[in-house]
Amino acid sequence: MIDANTKLICLMGHPVKHSFSPYIHNYLFDKYNLNYKYVCFDIEQTDIKQAINSIKYLKMKGANITIPYKEKVLEYLDEISFEAKVIGAVNTIKNENGKLIGYNTDGVGFVKSILDKNYNIKGKKFLILGAGGSAKSIAVELAKYSPEFIHIKNRNIENAAQVCNTLNENFNILTKYSSLPVNKEDIETIDILINTTPLGMSPNDNTCIIDTNLKIQKRILVCDIVYNPQETKLLKWAKRNNMDTISGIYMLINQAIKSFNIWTDINVEKTDEKEIQKRVGV
């Protein structure tokens, strides 16, 4: 029930109509008897500064930030966590008595999706497609687990180089960067492939970051952070090539639960994860 004491938490981005976040957070708010409501706001680029300031003015509890504003919002915050500063992107904001603090839960959410499926990260070879905020957050979190190397591939090679520079400055890790497209050799020399671009996301779900005619003998793990649809064209290609896959829906759930913890200091129960998975159709 909404009353005079209800606190608002929102998602800000463009577009946001595909988001599952309200289903996740409103379930958790009800489960833990919190008088909060979660809504989505589609924000135009010219309005993002005012939108972030409104978190203070409207005394919201906090917000999630999605594409294309994860990097832009940094300049409007009062404080930024170490991880978010290294990554250069924020996806979670907490309003602490009028002070806006930025965090990044994308990398934590993604890594948990791999670890939950009993995959190792240490000593593995990674290929990350894309070099935006999500790519950076995932790469930084992976680097903590000592992979053998991380290869960043992006249309704009300067952005790929920037991600590698961030990793090299903060971790003792081998990195490589190159421009798209992805070729057969790229895939056959890695253990885990991760798409962090929006290619394949509804309503453009017939698009794919790689050539789906490629035939690959090596059995790798293919991950897509796109969660709508849950089985993207990339994941369908991977399954045809007898590869293991992880949908972006797991990262979404995991990063949302971490955001919930930042706002509320509550650690959710394992049964909540299962219930959320059911509610979003996993």
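The first residue you see is number 1, and the count goes up from there.
Glycine is no exception: its Cβ is also placed from the backbone N, Cα and C atoms.
For the NADP(+) site that TrEMBL gives as Gly130, Ala131, Gly132, Gly133, Ser134, Gly248, the extra residue drawn from Ile114, Ile150, Ile225, Ile266 is Ile225. Site annotation for shikimate in TrEMBL covers Ser19, Phe20, Ser21, Asn91, Asp106, Tyr227, Gln255, and the matching candidate from Thr46, Thr66, Thr207 is Thr66.
Among the record's NADP(+) binders, Gly130, Ala131, Gly132, Gly133, Ser134, Ile225, Gly248, no two C-alpha atoms are more than 17 Å apart, and one pair sits at exactly that spread. Shown in sequence order, Leu11, Asn64, Leu252, Ala256 are the same-chain residues outside Ser19, Phe20, Ser21, Thr66, Asn91, Asp106, Tyr227, Gln255 whose Cβ sits within 8 Å of the Cβ centre of the shikimate site. Averaged across the domain 'Shikimate dehydrogenase substrate binding N-terminal' (11-93), pLDDT for the predicted model comes to 95. If you compare every pair of Cα atoms in Ser19, Phe20, Ser21, Thr66, Asn91, Asp106, Tyr227, Gln255, the residues listed for shikimate, the longest distance is 16 angstrom.
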